[in-house]
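As given in TrEMBL:
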type     : residues : note
COMPBIAS : 10-25    : compositional bias 'Low complexity'
COMPBIAS : 26-39    : compositional bias 'Pro residues'
DOMAIN   : 935-969  : domain 'DYW'
REGION   : 1-39     : region 'Disordered'
REPEAT   : 127-161  : repeat 'PPR'
REPEAT   : 235-269  : repeat 'PPR'
REPEAT   : 310-344  : repeat 'PPR'
REPEAT   : 514-549  : repeat 'PPR'
REPEAT   : 617-651  : repeat 'PPR'
REPEAT   : 718-752  : repeat 'PPR'
REPEAT   : 753-787  : repeat 'PPR'
Amino acid sequence: MNRKLPPFPHLTLRFSSSSSSSSASPSPPPPRRLPPPVPLRDLLAHRLPLLHSPAPPPRSSPPVHPHADLLLRRRSGEATPESLHLELVKRGLTHDLFLSNHLVNSYAKSSRLACARQVFDCMLERNAVSWTCLVSGYVLSGITDEAFRVFRAMLGVGSECSRPTSFTFGSVLRACQDAGPDKLGFAVQVHGLVSKTVYASNTTVCNALISMYGNCSVGLPIQAQQVFDSTPVRDIITWNALMSVYAKKGHVVSTFTLFTAMLRDDSAIELRPNEHTFGSLITATTVSSCSSRVLEQVLARVLNSGSSGDLYVGSALVSAFARHGMLDEAKNIFLSLKERNAVTLNGLIVGLVKQHCSEEAVGIFMGTRDSVVVNADTYVVLLGAIAEFSVPEDGLMKGTELHGHVLRTGLIDLKIAISNSLVNMYAKCGAIDKACRVFQLLCTRDRVSWNTIISVLDQNGLRLLSAGQQVHCDAVKWGLDLDTSVSNALVKMYGECGARFECWEVFNSMAEHDVVSWNSIMGVMANLRAPIAESVEVFSKMMRSGLAPNKVTFVNLLATLSPSCVLELGKQVHAVVLKHGAIEDTAVDNALMSCYAKSGDMDSCEQLFSEISGRRDAVSWNSMISGYIYNGHLQEAIDSVWLMMHSDQVMDCCTFSIVLNACASVAALERGMEMHAFGIRSQLESDVVVESALVDMYSKCGKIGYASKVFSSMNQKNEFSWNSMISGYARHGLGRKALEIFEEMQQSGANPDHVTFITVLSACSHAGLVDRGLEYFEMMEDHGILPQIEHYSCVIDLLGRAGKLMKIREYIRRMPMKPNTLIWRTVLVACRQSKDRDKIDMGLEASRMLLELEPQNPVNYVLASNFYAATGRWEDTAKTRAAMGGAGVKKEAGRSWVTLGDGVHTFIAGDRSHPNTKEIYEKLSVLIQKIRNAGYVPMTEFALYDLEEENKEELLNYHSEKLAVAFVL
């Protein structure tokens, strides 16, 4: 018999040779034999008087178990497994096989597996039912390993009555399905055993095989499809099983193709879609990235079938519409359901959270909690929603309220996931102490508990490093440090806290590394800006270990390469990405674009950007725009912004902040104000990221008053907001005002970070507040921040401006790290104006160290040359400039620019390339004469050349800034 099977685009259906031969030579079907005629008397027997019909012979009733009263009492709910067991002992029926099997089954279904096993072990006689009841009990309780051991023991018995039945195979296959891909090998062995029995064509067993292969196999469910093709009789469960497999794996086309084939199937079994069928279709639209129109078509099909009122289908529809962002439709379906449960409510809340509507999700819970019976999962989902509140203070208040409600219900002791969610909620709302307190009060802790608290501690930096170390000690005491996932979290925690030595110590002590382990250590190296050679070596070791890199691996590796601009190495990584088939991942594409942009290869960046035209996200556009900005192409960046707007791509706060930072870097005030206006039209003017970028832009463009107004109007301020305002005042010479903002920041409860202290120390340096600056430097450890190289550089600059050069050596000796070029540059600049012999020696040491550490950096040669010139060492000046030429490096000339209506005009010192050079120099001569008449005297000591005074004055007169001012006027 030929059976029509659904066409699958990726699978080739194999037909039997008999079917192919029959199709080649078709023959007419034989005539169907009619059934024998039924006598008229028999047809009308029900209308004839009973007197004329003979009495039917008495039917013999089936034999009844002599002690069936025990089972009837059990089924009516009057007896527990313990009372049934007691009754069997009293009556001496413990050796009755039928009753003993029933007792094992009762204990197993009640999750009393120890009692079930005890009864089973005491049985003198066992059959297949005995073994199957015990196996299914372990499977229902999730103890799959024990179920496998019992099944192996059953096979070892070898008796005829203990051979596995279809129910036995179904339970074992369900255990394999729950165990996942790790048990695929054992599952294949079970399949081989099934194929040797009469159950190879059993529909129930085939259905279990389809579900098992769907859950255990990775990639295309080819084995599940093969079982489906070989199933002789397919019922609705068979079709639903394979549809569920395709749906969960995101194969939308195969799922709907299978559904269409089911509707067209002409087998003897009537196949009508049920709630599980529609559930698979809805799951397919949710898991994949298909259009919402497909989901609307499924809804129309559900409405036509009359299944819209089904609780299971309704819950799936609510979750699917919410996840697609169609919140109004999801809420309408939710409200139209006559019956709702916790699953329905949870699906709506999860969808709202994914659409960043956490506040609305909590509001729906508050409005429906009296009409819907919630469960523990509801509180887990709700706590996750509260953790995503846009205002952490509001989230903390709601979370504390929900915490009290959970305590009153008593559910917190029943499911550890609630406690883990409470730890996560308090941490994300900023209440770290409460998060640690909840963790300490946990009676039991699982891997998620430890990973959550470790993640909490690593996100809060050095301030909680000691607490993280305590958690590490507790994990060692419990033996959890041997768990790979816990060790991975510890690596990430130590890395985020900057404890590189401890991070490597944990990584090297791990008995086994998985992909997450390597990704964690590479992510740490990227964050700590480890040398490229070390990162590449770690990646090579991972490849040699036999593990295949995933998209996270490549993103971390490319993040390590990006700051150093190693173009050739980036291309090699790109080749490895292509080899492993990860190029179609948007995150990897974005990382490659960023790497090419930082390497200056904008052509490759543009080519990659055009290749992903169909799957660009906001990060792709931001990477492209920031690449243009990084390479000095501001106009192309602005053009990309307008192109992004016209491509229906929603601009986020990151896009605005990137463009505003670009405008700030070149002092393009008009462009920045245009973006400010566009941000207001886009309703992003109240976003803390955009507002902080506006403060930074206006302060860097010279509009400190505008920056102050934006800052004062902010409803919410973060660390970047405070830092931008403090650095803005410091940049404009308002050091005391900057310190006032810092004091206000501390009073508001905001925690300063390492950038805050850099700006504060810089403000003290510009204002000449030496003692106060040193006090702030010593204050850093009180805030849990270890001074970095940048902070020591600020202190050295502070002491140098105040002329306290001897104290500089003291702070250099205090540094826990070796001085780098930043430190020696600051020392050299501080020593440049000194005539003291000791201080000149310090400057000579600084210039020597600079040229040793970075011989290819032209800035170091210029600083050393200027130092020699300022101290009158003209021979050393000439030698340094000659060494600079011998090293093949060249310093780019300093530039000044102004923006007028026709574009940006750039000038260098003594520039005569501008079209209006004649008018510029004529105007500049008039201006110089006016300022001299007003008493201006050129400071020729800053013209660091061995020239006459008149020549030095001429150099100062034609500075690039003066040319720019003359052009504007």
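For all residues, glycine too, the Cβ spot is worked out from N, Cα and C.
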Residues from the same chain, set at least six apart from the ends of the repeat 'PPR' (127-161), whose C-beta lies under 8 A from its own: 97, 100-101, 104-105, 107-109, 111, 113, 116-117, 120, 167-168, 171-172, 174-176, 178-179, 183, 186, 193
Beyond the flanks of the repeat 'PPR' (718-752) by 6 or more, those residues with Cβ under 8 Å of it: 463, 688-689, 691-693, 695-696, 698-700, 702, 704, 707-708, 711, 759-760, 762-764, 766-769, 772, 783, 785
Average pLDDT across the repeat 'PPR' (753-787), rounded to a whole number: 84
Residue counts (helix, strand, coil, in that order) that DSSP gives for the repeat 'PPR' (235-269): 26 helix, 0 strand, 9 coil
Structural state census, the repeat 'PPR' (310-344) (DSSP three-state): 26 helix, 0 strand, 9 coil
Within the repeat 'PPR' (514-549), residues counted as helix, strand or coil by DSSP: 26 helix, 0 strand, 10 coil
